[in-house]
Amino acid sequence: MLGLKTFPFLFLLHMQLTKAFPVPSEHSEEKNAKIVQNYLEKFYQLPSIQYRSPRKNSPSMIVEKLKEMQRFFGLNVTGKPNAETLEMMEKPRCGVPDSGDYMLTPGRPWKHTDLTYRIINYTPQLSEAEVETAFEKAFKVWSAASPLTFTRVSQGEADINIAFAQRDHGDNSPFDGPNGILAHAFQPGQGIGGDAHFDAEETWTQTSRNYNLFLVAAHEFGHSLGLSHSSDPGALMYPNYAFRDPSTYSLPQDDINGIQAIYGPSNNPIQPTGETTPTACDPRLTFDAATTLRGEILFFKDKYFWRRHPQLRLVELNFISLFWPSLPNGIQAAYEDFDRDLVFLFKGNQYWALSGYDILRGYPRSMTNFGFPSTVQAIDAAVSYRRKTYFFVNDQFWRYDNERQSMEPGYPKSISSTFPGIESRIDAVFQQNHFFLFFSGPRYYAFDLIAHRVTRVARSNLWLNYREAENEENMHRAQAYLNQFYSLEIEGSHLVQSKNRSLLDGKIREMQAFFGLTVTGKLDSRTLEIMKTPRCGVPDVGQYGYTLPGWRNHNLTYRIMNYTPDMEKVDVDEAIQKALEVWSKVTPLTFTRISKGIADIMIAFRRRVHGRCPRYFDGPLGVLGHAFPPGLGLGGDTHFDEDENWTTKDTSGFNLFLVAAHEFGHSLGLSHSNDQTALMFPNYVSMDPSKYPLSQDDINGIQSIYEGLPKAPGKPRRPMVPHACDPGLTFDAITTFRREVMFFKGRHLWRIYYDIANVEFELIASLWPSLPADLQAAYENPKDKILVFKDKNFWAIRGYAVLPDYPKSIHTLGFPRHVKKIDAAVCDQSTKKTYFFVGIWCWRYDEMTQTMDRGYPQRVVKHFPGIGLRIGAAFQRNGFFYFFRGSKQFEYDIKAKNITRIMRPNTWFKCKEPLDSSFDISIKEQAHSGGVKISYDKRLSLLIFIIVHLLRKIYNS
């Protein structure tokens, strides 16, 4: 048996709701690092930072401790302090470690079972009788499940001494004031063994307010009896605090198993049994109720509920009482009223209303307020859709009008007649996109409200297992996407059938080829990313996937049927007019607005299913708009999704001008283009609205439809898209980005990966919409940031987010006022020094002190001999600098201070066409002149010696 150890008992009551974490600032990164360090020191035996040796607490040690903690709490084991890990570290919890000697033993029992306890002093927040009752009841929790007995003594030495103390109180475990460490206890043994201390500065209660003394004491006495922590979130010995109703509290089965493993079964003839915590992996799992809540999905089961957040991997299991102490367990139905931003919860004949996570005053109320007959005493499930609420009771349902606040006539109706395929009683339901998700027993049914049929059936617990649920959701997302945009036709609803899976794989290949992705037929992350990107609702292939005949009449009319509340009417009118002018500038078409009657192009803002339109919208951040080709009826008409956030800017929401210009291309007969720089590319790409949006591809397309017609004079043309294998290619800027290199040119960039052969070509705006085109310099600093420069400004990027408060002036870095722009920049990761190139000069910046080094600027030719006078772009890889000047690239050995190779700039792109051999310089001979060492090919020897001679003259001057 191991020697006696002491351990603190901590409860940090911090009612913080799950949220998507913003990109952290340097200050928050330092704060998070301290949280991780302190947490792992307290609970996972990470050596204290002030006592550690130089070799201890290496990154690998912290990673292993983080993985240990993540495994304990059932998080995704990454070894990284991600959002869900940091959130778990800040939850209310016990201060006893989760690992160490005390966790490696099943428990250290007392040698006798008739234990004594003594209350040394009391808290002023409760009467002495209330304190004594709380402790007595806490001990009974354990005596009921074991052969232990507890007797209170008023004097002398007891096995368990109980005291209220504050700050440093002589046991090497000081308290820290209100709302911090609440209490601590010590495992069985002599002296301080078994004793329990409570922080006198905390507010102790008998209710759900502040800290319930009975619950804290019951947990604490578990440690006094030798129990360690449990990873069961429903157990009393789970590290994180949660309020439970003391009047009905009984020990969970996990704790019963633990205490009986140490002391044996109870002496009672009938052995106690406790509740077990529901597990997400139970294939028989059923739900009591389910509802959405501001983007989250809540699943209720007994006294628990799971929270599924769309931006976090972790599906949390919590006690209902932790968030709503006054709510009962066993919620039977729930739904979200989107228009009123309320959630309603039902049990028996009562219901409660929530605003966010707050229960509104005046509740609970009787559900007769909804107009139910007296025979209805409980609701099985409920869901709200299009201002109507559906209440399900047994095999029937009622429909309630949210606006009129009354039941609709003609109800109840049979569930199976209105929702064919839903034959059994409904346990829970919620709405997502255009589906009702019905839960019945251990399965859920996805009922398509448009197709009016069940489209899939699967296990209910898939919604709680992130990976399985995500894989299934992704597969159905792909099926829906390919059905909508690539004419996928699945027989039945089973993707697992070999024939259907073959069809799906073939359509994935077709989609990947269209978007210029690696054609694998697999649903990889890049393919899914494209599928999730907001886009136009017009198919990429199919009957409308080809260029169609244009309008016979070239004098077209348009009419704006209604407006979006997101913009002023005058701004909508201007955006629509400007979008039509984009096309009139390159064709003989004219557009005249009318206010009455039928126009060639009818323009409207609509939601979801709208009128007789065969296409529908899917809510925010999905299909932005759709249009129909020239013709009668719907021909030429254009619809925009009212659920989107429309704007005249390109930073927040979706720019109406850009989307309208794209949709009007369809109204004129254009199909989608796979040219990513074209306006008719299906996915939304933000760009500067003041610039002309048509590419040459768009112009060629529209003029091919109206072939032979007189063209508008002086039609605008945009620059041609840069080609990776152009022998004269130059770059604006280059930078590394974690495990890739980015090459910037105009509005575009190429991305190459160290471990992937493919080269990706994208618009800068597709990654960072707020960045300008024609960047002039870029580099990656040691703090995992990219800095990009244009003229006097620079931006900082972490990951794929431009940090707030940018752009900033380059003069904040220490440049003198006469410096107007940066030509190139590169950071030496080994020295943490960044070189900035401005004309023939270079500055050196210390990334650690964030100041310019003394003695600079220096001439480029002096500091980097052999490179030349000016540098256009630069980056570092594998200990070499790569300098770009004009149509040449120089590989430069930083330590040897010499050029090792001269190449074309685009050698990184592995172009298939042969390059001029004079640019592939092999190291065959070396020349030494003026201390400059240069490797060169014999065919360039004369030229090299002339350059060296000139450099020597400049250097000596």
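Keep in mind that glycine also has a Cβ here, set from the backbone N, Cα and C atoms.
Remember, TrEMBL labels are computer predictions, not curated facts.
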Of the candidates D159, D232, D245, which does TrEMBL annotate as part of the Ca(2+) 2 site that also includes G193, D195?
D159
A382, V429 show up in TrEMBL as binding Ca(2+) 5; which entry in A334, A458, A478 does that record put in the same site?
A334
What whole-number Å value do you get for the CA-CA distance of D288 (Ca(2+) 4 binding site) and A382 (Ca(2+) 5 binding site)?
11
Please identify, among the recorded positions H223, A334, Y363, A382, D427, the one with the smallest Cα-Cα distance to G177 (Ca(2+) 3 binding site).
H223
Counting other Cβ atoms within 10 Å, pick out the least crowded of the binding-site residues M237, A334, A382, V429.
M237
Using a 10 Å cut-off on Cβ-Cβ distances across all protein chains shown, tell me which of the binding-site residues (D176, D199, E202, D288, D427) has the largest neighbour count.
D199
Excluding D176, G177, D199, E202, which residues of the same chain place their Cβ within 8 Å of the centroid of the Cβ atoms of the recorded Ca(2+) 3 site?
Q166, R167, F175, P178, N179, G180, I181, L182, E201
For the recorded Ca(2+) 5 site formed by A334, A382, V429, which further same-chain residues have Cβ atoms within 8 Å of the site's Cβ center?
A289, A290, T291, A333, Y335, F346, I379, A381, V383, F392, A428, F430
Number of Cβ atoms other than its own within 10 Å, given for H223 (Zn(2+) 2 binding site):
25
Whose Cβ, among the binding-site residues H219, H229, has more other Cβ atoms within 10 Å than any of the rest?
H219
Within the same chain, the residues at least 6 apart in sequence whose Cβ is under 8 angstroms from that of Y363 (phosphotyrosine) are Y351, W352, A353
